[in-house]
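Read through the structure below, which is laid out as structure tokens, and then see the notes.
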């Protein structure tokens with residue numbers, strides 16, 4: 001059975017890690033390189049770095065931040081934010097990223113998913129979806145959660161897979177930063193529409209929330225930020241709880 005992954009997320013603005021609630025009210029959490037290294041040593045399976053204002057500010061990814069962070073890591077490293085072209089993708093890979101997360105650029109040009117997958121492989125392409133409940137469905141948002149697109153999240157995830165995405169990074173905007181639990185209904189809905197791994201994001205607060213999203217949400221991985229940055233949970237302790245609940249995880253020897 002495939003191991004479930006625990007992923008630490010670094011939301012970066014102006015070269016610093018920040019974290020807020022529902023995508024607003026951001027507060028400083030530290031240096032990306034230092035925090036990434038600490039999370040890796042603490043037992044995180046992967047690190048995701050998201051340059052959360054690159055698209056909104058119309059600029060590229062902070063490559064020097066990516067380079068310094070990659071130098072601290074010995075586990076898979078995903079980078080997102082400001083990646084609009086194959087050249088952007090190549091530059092981020094050259095700085096040490098293992099995978100790319102694309103969101104707004106893929107909505108503007110869905111062929112970008114196919115182009116990056118054809119050049120670098122599907123395993124290197126993560127389709128990031130920021131979703132918010134709108135009535136009986138979930139709507140996809142772009143530009144760091146600032147703009148609704150009208151796209152249905154389930155349909156967009158399925159299209160992303162067809163175009164070559166190797167994973168879905170699914171963030172519940174309703175739950176983001178609240179520490180009240182993942183949106184298991186949303187996660188399960190997306191997981192049922194695709195055959196590629198789904199990473200659940202938004203709402204982690206307790207170990208039980210992780211158990212819930214793996215068991216009820218059928219997530220392949222779960223991502224968190226606040227609870228790791230501010231010392232609420234230790235990754236290895238969390239993994240021991242998951243293992244005791246019958247969820248397969250990679251434990252430190």
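Quick reminder: no glycine exception, Cβ is built from N, Cα and C everywhere.
According to Swiss-Prot, the protein carries these features:
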ACT_SITE  11  active site
ACT_SITE  130  active site
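Here the Cα atom of residue 11 (active site) is found 14 Å from that of residue 130 (active site). Reduced to three states, the DSSP call for residue 11 (active site) is strand.
Counting every protein chain shown, the Cβ of residue 130 (active site) has 27 other Cβ atoms within 10 Å.
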